[in-house]
Each structure stands twice: as structure tokens, then as C-alpha cells.
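Annotated in TrEMBL:
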| type | residues | note |
| --- | --- | --- |
| ACT_SITE | S540 | active site, phosphoserine intermediate |
| BINDING | 31-38, 110-114, 165-168 | GTP binding site |
| BINDING | G466, L467, S468, G469, A470, G471, K472, S473 | ATP binding site |
| DOMAIN | 22-239 | domain 'Tr-type G' |
Amino acid sequence: MSYHEAPAIAAADAPQLEQDDRPTLRFVTCGSVDDGKSTLVGRLLYDSKTLLDDQLDALASESSTAGTTGGDLDFALLVDGLQAEREQGITIDVAYRFFATKLRRFIVADTPGHAQYTRNMATGASNADLAVVLVDARKGVITQTRRHSHILSLLGIRHVVLAVNKMDLIGFDGDRFASITAEYLTLAGQLGISQVQCIPVVAPDGDNIVAASTRMPWYEGPTVTAYLESVDVAGDTSQQPFRLPVQWVSRPHADFRGFCGRITSGTISVGDAVRAQPSGHQTRIARILTPAGERNHARSGESITLTLADEIDVSRGDVLTAGSAAPVSDQLAAHLVWFDGEAMVAGRRYLLRCGTASTGAVITELKHRIAIDTMARESAATLDVNEIGYVHLDLDRPLVFEAYRDNREMGSFILIDPISHRTAAAGMIDMSLRRATNVHWQRLAVDKSVRARLKQQRPCVLWFTGLSGAGKSTIANLVDSRLAELGRHAALLDGDNLRHGINRDLGFSNAERTENVRRVAEIAGLFVDAGLIALVALISPFRSERQLARQRLEAGEFIEIHVATPLAECERRDPKGLYRKARSGQLPAFTGIDAPYEAPLAPDITIDTSELSSEAACERIIRYLRAHNYL
């Protein structure tokens, strides 16, 4: 069948895109490479008559030069916009397209099929109500089908269209279709995907896309378009407790203070009692304002502005709730889909964004990694790009949330690397860790300010970082001695000495180096709380871990000293013979040789012991402490 003969919606029936009263369905296409995802989306756009004449002309022209269909229209070109995608005939980025029929408007995310772009697929599926999973009829359910279906399950997508494509290449064999259907339904049941519609299609020719195929009379179910128009994906979130994450506090003038946001669940009426979380302050709704005017009621999915009967403290990131209170915790368990090219390491610090709230977060533990192909839980120390794991998170402040299975908007988050600002992961909250609500801070009568006055000094941490052999311990020892001569109270934490004691269980993997720094930072923080000047001599190769140590303290309490002796000089000295062992292969993952060292970007003090003696370096540090009123 040529594209001139393809079934299409009649022009008189073409949808009017400016209508706003039709519901919108967001769906994602996924599946393995070359299963025909982009072709199916392109065919939907073509058959729904949403393409302009110049788009059709461009498609015809490009199909003859860059197409893969032998002169017929290559519908995948309507979606694959990147040059690399067209050159290779694959999808790399997520492509969003819009089309409509008489009954519904649609937003479709066409996602890549290659395993290395799994993170792109997860991004495209994150806001979807339904997924169209394509399967090549010749191959059936393969590893990537299982991978994508597992991610759909984690993302809470419970409605799936299994489009068994390329039926023409197996002679429209109904038995083969039934076999693939049975295998996928078994997989869907294991994953908790509750509703699956299986449809045999030939995407380039339009069979069962908009019009029913005459070449598969044994199939009596709906077409892809008919099913998308009729499927009910809307969970009745209006019956759940009221939740409104505050996006913005509106103060156009002194007499008005409104709280703007989108209702994620429940309903609200003027006069209803609400609470602001996490503070717990209670009040009542005074007014409900919408773009269409003032109302007495509002429900899930609407963007509104609320005014309150009482002046209570509410800020962006807080959540207005009614009915049962939302959970609040600073320690969470969650699934992560890892996006970053740099592997996840427990103990590193990230910025967590959940809805309108932001807070610092540390991945304290990777409980297990999920083997996508088998769904088995595997022991692992890190997550690489595109891998999925189950983690524990420690947050800087309590977060108002819902479990992802109950409220996708309040249960999803992203982690951002604070150094590179890359999105490192997407997460789905499972639950609060019980210990978060059972362990409380104990107020102490004698704090560090009292101890500092008694010792007549300003407590701080002198953090010496640099390569092995740079002179960190030597200088730190001299500074410690000099402080003792001055009658000051200090304590030295040396990295090698600590590995004989509290860190003796740690090796030198990235994860273990991170935990090494975390423990030392906590001990140094306790020393500061005791009013001491703590000296830390530690290679501490990663900027993110040194930043974590800085953030453990108050402003002005962390002094980063970069002992910036060049690698060549450190290797020439080689006081412990470690460089020689590393060069011979006896000491793998040695910092500076085959493991990275990330030099500080803006250290407080920089010292190069190839140009400055250790004694002179000591005196420079003492002068700094005096000039900044630490002594």
C-alpha cells in the first residue's frame, strides 16, 4: 500500500485544535530500536490531518533523500529531528508532538529504543498517562521490551497499548500475535500493569492505526486511535485528601497575600479548614481565585490562588493540606533511575527538587540495584548511567511528600549535582524511614559558643587537601604544634592514622573514599562543637565530598587549604613508595595516577611546597587565622 492509499480522517472531520473542552491524554511510545515507534507517531500525525501543507511537502522531499522507505513517505522523519537521528535512522532525544481528534487532544513523547538512552525514555514517560509499547512481530518480547515495561511500572503507568508492529513481515500470522500477547500479559501481571490492550499493526501502511486493517480480519479489537480516544486513565484523585504545593506567594500590594499552585489531589471550598505543612499551622480558606474569576470550589488538576483567613507563615515549597495530614520526613526510601554519566556514589551530596520544594540531600545507602532483565535485586556499591536502584536519602530539612504510588506529583523528584548542575537522577519516593520520626535532636545546655569563650578561640576546621606526598600531614603537624605553643586547643585528624582505626573497614573505591570523607567530616564537626580547632589532613580527592564537609559546618567554620604541590614533585619525593607501586600496577586506583584528583576551585589558602618550605607554610596559615579572628 502506498501512502497515497493510506486511510485518513476525512477533511470535514479534521479536528479543530483551538477547541479547549476536549480532555488531553499524554502518552509515551517505547520499545526496542527499529521497532517502529517514530513511524507509528508520524503515521498518527499524518492520519489525524494535523499536518500543514508545507509540512507534507517537506516530508515528501525529505523522504526521497533521507528516507528509508524506498520512495514512499517516511513518517519517522516527522519525529526524528536531530541530524544524528536522520543519519542513523534512530531516535536519540525525546520528541514531543501534539495532535487531536474529535474526541481528544494528545501529547505524545516519542522516546529512543537504545539501551544507552534509557534515561531519555524515563524522562519522556515521567508525565505520561499511558504507554504505547512497540514490539517487532518477528522478535517478540525482548530484553529492551522488559526494560522499558519495568520502568513504566516504576513510574506508575498502569495503562499500556502493546502494538505488535511489522505484522506484514510474518504474513499477518494471528497465532504469532497471540503468542506475543500471552507472553507480554504475563510480564505485565508481574509488574502490576493492570490494563493492557494488544493491537496488531503495520505502522508505515496505517493498518489498525486509525482505520481497521482489511489484511487482519481475525483481529476484532479497536484501532490504536480508537483506543486512545476512549481509554479512561484518570484516577479519581478528587476523592483523595486535598494537597496544594505552593508554587508562588502573590503580593501585588500590601492588602493582598495569595498562595498560588496546582491542586494535585482532592477538592477545596471556601471556609474549609486547611493546614500549612511542614509547620502544621492551621487556618481556613477565605477566597479561591482562578483565571476565570472567583469561585467557591476547586478540584484536583486546577491551578488556583488561595487566600487564607489568618496570617500564617507559608512559603514556596510548603504544602497546603486538608483532611489527613501528608507525611513529613527528612529520611526517605526511594527508587532511582540514574541519569548522570558519573556513577552514583553513596555519601555524595545533591540538590533534591520535589514539586515546588528544594533541599540538600545525601544518598546514605544503596540498598540494591534492580536487574531490569530479570527484575532481581542485586547487591551493588554504585549505579551507572541508566541503572535503577533502591536507596535511602538523608535530607537537610523535612519534606512534605506522598508515596509515588499514591500521588505521582508529590512522590517524584530529581537529584541535581551541585557542582556540574546536571540532573543526576529521577526518583520515586516509596516511604519515610521510620527512624526519621523516632529520633530527635537533644538540646544541650553547653554549646560550642560557650566552649569557644572558655577556650578564647573561634572553632573551625582546617581541611588540608592535596595529592599523596604533597606535604599535608607535615604542614598540619607543624600548625598543630604552633597552636599548642600559643596555648590554643586543637586536634589533628590524619587520614592514614584514621584508616588504622575508625576507617579501617574502608577500601579505596569511589564509594569508600566518599564514606571515608563523610566520617572524618562528622568527627571534625564534633570537634568544632567542642570548641576546638580541628586539623584534617586527607587527600579527599572529590570536590563534592569536600563541599559536603563544608556544609556540615556553619559559615566561616571551614577553611580549605589546597596543598598544591605538582604531581611530578610528589612522585619524585614518593616518601611511602606508593607512586612506584602505582606505576608498576601493584596499587590500582591510586589518586593522581589512575584515579582522579579534583583540585579546589576556590580554596581559602593555596600552598605549593615545591616553592615554599613547610615552616613558611605553617606561618602563613597562622597569620591567616589571626587575620580572620580565629585566634
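Even glycines carry a Cβ here, placed using N, Cα and C.
Caution: TrEMBL annotation is automatic and unverified by curators.
Here the C-alpha separation of A470 (ATP binding site) and T111 (GTP binding site) works out to 49 Å.
S468 (ATP binding site) sits 10 Å from S540 (active site, phosphoserine intermediate), taking the Cα positions as reference. In terms of C-alpha distance, the listed recorded positions G31, K37, S540 place S540 closest to G469 (ATP binding site). The separation of S540 (active site, phosphoserine intermediate) from S473 (ATP binding site), Cα to Cα, is 13 Å. Taking the mean position of the Cβ atoms of G466, L467, S468, G469, A470, G471, K472, S473 as the ATP site, the remaining same-chain residues with a Cβ inside 8 Å of that point are I539, V563, T565, C570. Cα to Cα, G471 (ATP binding site) and G31 (GTP binding site) are separated by 55 Å. Following the DSSP three-state reduction, the secondary structure of G469 (ATP binding site) is coil. The recorded positions recorded for this entry are D34, T111, M167, S540, and the Cα of S540 lies nearest to that of K472 (ATP binding site). Taking Cβ-Cβ distances under 8 Å and a sequence gap of 6 or more within the same chain, the neighbours of S540 (active site, phosphoserine intermediate) are W463, T465, R513, V517, R546, A549. In three-state terms derived from DSSP, K37 (GTP binding site) belongs to a helical segment. Non-local contacts of G466 (ATP binding site) by the CB criterion (under 8 A, 6+ apart in sequence, same chain) comprise K472, I539, H562, V563, A564, T565. In this view, the densest Cβ surroundings among the binding-site residues M167, L467, A470 belong to A470, judged by other Cβ atoms lying within 10 Å. According to its DSSP assignment, M167 (GTP binding site) is helical. Distance from the CA of L467 (ATP binding site) to the CA of G31 (GTP binding site) is 47 Å. Cβ neighbour count for S468 (ATP binding site): 23 (other Cβ atoms within 10 Å of its Cβ, all protein chains included).
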